[in-house]
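Engineer: Sharing a structure below in structure tokens format, with a few things to ask.
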Amino acid sequence: MKREQLEVYFIMGSQNVKSNEPLAVLEKALQAGVTIFQFREKGADARTGQAYEDFARACQKLCQKYTIPFIVNDDIELALKLDADGLHIGQDDLSVKEARKRIGEKILGVSVHTMSELEVAIQFDTDYVGIGPIYGTKSKDDAKPATGTRFLNQVATNYPSLPIVGIGGITPENTHEVIRAGGDGVAVISAICESEDIQATVQLFKINK
Ligand SMILES: Nc1nc(C(F)(F)F)ncc1COP(=O)(O)OP(=O)(O)O
Ligand SMILES: [Mg+2]
């Protein structure tokens, strides 16, 4: 995975798209030029069973149409079953060691909040780390307090070759702070899912770097 692929990292599940059709939102985001997609279907209203798998396959098919990496959040069984391009795990999911063993060469992303979590991620050849929440977020009900860009900048300074994406409350207005602090890209849920003009919003993330 090239670090430029983290430039605009769109993350979505049906729970993030109340009003309209999630697949229409995803296609608009892909047409607008998001550079990587994460399937993150979770929470009370998340689809389950066959509907969950069918929705994941439909998202994967759209990503293939636009040759954009399709990453699955948390669910390694789904990632393997669909032969996804990668998996993203956090500290409460399966271990980095176990994930790397089972997914082989697929892209592995890990959320890290401390230097010790970072060192474990690096030990098992993590392709990128997600750091946040940088700002307050409403997309993750068990999110930790917002940290600002300090830890992200510390990681970027100490590990210049490690791809980093910032996450949490990132908008076109504050994205430059994340990039200036050392992020290779920004992960976005609400700013795109709730946008009136997805094309314009995605372009702003690219321009405001
Ligand atoms: N899903 C994520 N994606 C990223 C990425 F780097 F891809 F931007 N960074 C961080 C997270 C948060 O991951 P996690 O801590 O497991 O919580 P959840 O499973 O609720 O998302
Ligand atoms: Mg997780």
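From the backbone N, Cα and C atoms, a Cβ is placed for every residue, glycine too.
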Engineer: Of Ser111, Ser116, which does TrEMBL put in the 4-amino-2-methyl-5-(diphosphooxymethyl)pyrimidine site with Gln38, Phe39, Arg40, Glu41, Lys42, Asn73, Lys140?
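Structural biologist: TrEMBL names Ser111 for this 4-amino-2-methyl-5-(diphosphooxymethyl)pyrimidine site.
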Engineer: Neighbour count, 10 Å Cβ-Cβ cut-off, for Lys140 (4-amino-2-methyl-5-(diphosphooxymethyl)pyrimidine binding site): what number do you get?
Structural biologist: 17
Engineer: Provide, as an integer number of angstrom, the distance between the C-alpha atoms of Ser111 (4-amino-2-methyl-5-(diphosphooxymethyl)pyrimidine binding site) and Asp93 (Mg(2+) binding site).
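Structural biologist: Asp93 (Mg(2+) binding site) has its Cα 10 Å from the Cα of Ser111 (4-amino-2-methyl-5-(diphosphooxymethyl)pyrimidine binding site).
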Engineer: 10 Å Cβ neighbour count around Asp93 (Mg(2+) binding site)?
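Structural biologist: Step by step: centre on the Cβ of Asp93 (Mg(2+) binding site), count other Cβ atoms within 10 Å, giving 17.
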Engineer: Tally every other Cβ atom lying within 10 Å of the Cβ atom of Lys42 (4-amino-2-methyl-5-(diphosphooxymethyl)pyrimidine binding site).
Structural biologist: 14
